[in-house]
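So the structure is just underneath, and the comments pick up after that.
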Amino acid sequence: MSPVSHDADDPLAWAREYTPILRSYQEEYGETKPLSGYTVAFASHLETKSGVAIETLREAGAEVLFAPSEPQSTHGDVVDALDAREGITAFAWEGMTDDEFDAAQHELLEEEPDFILDDGCELIAKVHAEHPDVAAQVIGGGEQTTAGITRLEAMEEEGILQFPVYGVNDTPMKHFFDNVHGTGESSLTNIAITTNSIVSGKDVVVCGYGYCGRGIARKARGMGGQTIVTEVDPRKALQAHMDGHRVMDMAEASEVGDLFISATGNREVMREEHFEKMQDGAILANSGHFDVEIDLEALEAAAESTSTPKEGVTQYHMPDGRRLNLLAEGRLVNLTGPFSQGHPAEVMDTTFAMMFVAAYDMLVDGPDLEPGLYNIPDRLDRAVAERKLETLGVSIDDMTESQQAYTEEWEHPDSSF
Ligand SMILES: NC(=O)c1ccc[n+]([C@@H]2O[C@H](COP(=O)([O-])OP(=O)(O)OC[C@H]3O[C@@H](n4cnc5c(N)ncnc54)[C@H](O)[C@@H]3O)[C@@H](O)[C@H]2O)c1
């Protein structure tokens, strides 16, 4: 692979170095441009790694239109550098309001993309709800988050999906790494940087023991935190218990936690009845969905006043003298805090590689798919895993012929019957 550029003015240079799978696609498709003639819409948190994904789509020949998936996480230097390139158009800027974010997504959709790569399903939902003529022409899409998949399942159930969508989130190469390791490490890193406070020795309450919660809890314990998990699914709760975390309901956890991190995809996981019990100095962070996991209205209503003791920390002063510290205004702490840079680049390399192959497969290989939500074919998942191992210089074994046969036959010569 060719060496990466070290142009000091190129905001993507550092991320490019840690995204070798995306660079390998740029190299492989830079000449043949298999996506030429297609317009790909791309919504994501806009920072350096998604910037490399956008340039990879462009390098493979696509016209790329991009917008944020969350208005507060945009890095302006990345947007400006990409927008200056021919064939890439930004519908984004740093510091957008929620209304401007909505308007920009609509403007993007009016450009009639052929394919939509989404993060949270906002673009796909908007094209169906408000641009039906555009939706009717879209060839397909890909969705990278758990919350987005939930919305797509609801759309499929209602029978309103107009095109096929690959559920990129549900592929092992995405959620085993991005959700577990990416969210785990980047949430704790950003909490530590924002608060300048130690995790070790703290009672860390992780709400939700799905892929993200599991990663956060495992890594918090690795840092010396005393982990507590809350759940609504008895099997996940049992899994957390068997993994060695304390499991309790939120009412009990509220009384003992020093640091609360929510990763459920659900709303109002921390709410009034919990704020009433939390200890003075408790830290509240959301790593799950938008800004809905902590009931911000209830927190505001319960407090007498607020202050900002540190950038990225809003302190709520309760009438009884307790102070609750909310990070990143209740938005995703790993993506929207003042020091946050999102997931580590190596992890996003894999996620965006899956998004890239989703677009490539539907646009270039053209499987005959009816509108609906589809799992990414296993061959694509394996191919990205193999490419990742190659970039890491890691080799694995091939099954011998006899081993292969053993996995395919039901009559085993060495069985006793
Ligand atoms: N911060 C990030 O960068 C990032 C990255 C990936 C995913 N996410 C988001 O994180 C959220 C979780 O993703 P995941 O992949 O772990 O999903 P998941 O479905 O694997 O896990 C969610 C878990 O939360 C539990 N849960 C639901 N409601 C709850 C409640 N009220 N209290 C306690 N537990 C509850 C569910 O039972 C489930 O086990 C989603 O919104 C996803 O989009 C964030």
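Every residue number used here counts from 1 along the chain in the order it is shown.
Backbone N, Cα and C atoms are what each Cβ position is placed from, and that goes for glycine too.
Over in TrEMBL, the protein carries these features:
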DOMAIN    179-340  domain 'S-adenosyl-L-homocysteine hydrolase NAD binding'
BINDING   Gly210, Tyr211, Cys212, Gly213, Arg214, Gly215, Glu231, Ser287, Gly288, His289, Asn334, His343  NAD(+) binding site
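Locations of recorded TrEMBL features on the structure.
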| residue | record | Cβ within 10 Å |
| --- | --- | --- |
| Gly210 | NAD(+) binding site | 19 |
| Cys212 | NAD(+) binding site | 27 |
| Arg214 | NAD(+) binding site | 23 |
| Glu231 | NAD(+) binding site | 23 |
| Gly288 | NAD(+) binding site | 29 |
| Asn334 | NAD(+) binding site | 29 |
Sequence-ordered binding-site residues from Gly210, Cys212, Arg214, Glu231, Asn334 with Cβ under 6 Å of an atom of ligand 1: Gly210, Cys212, Glu231, Asn334
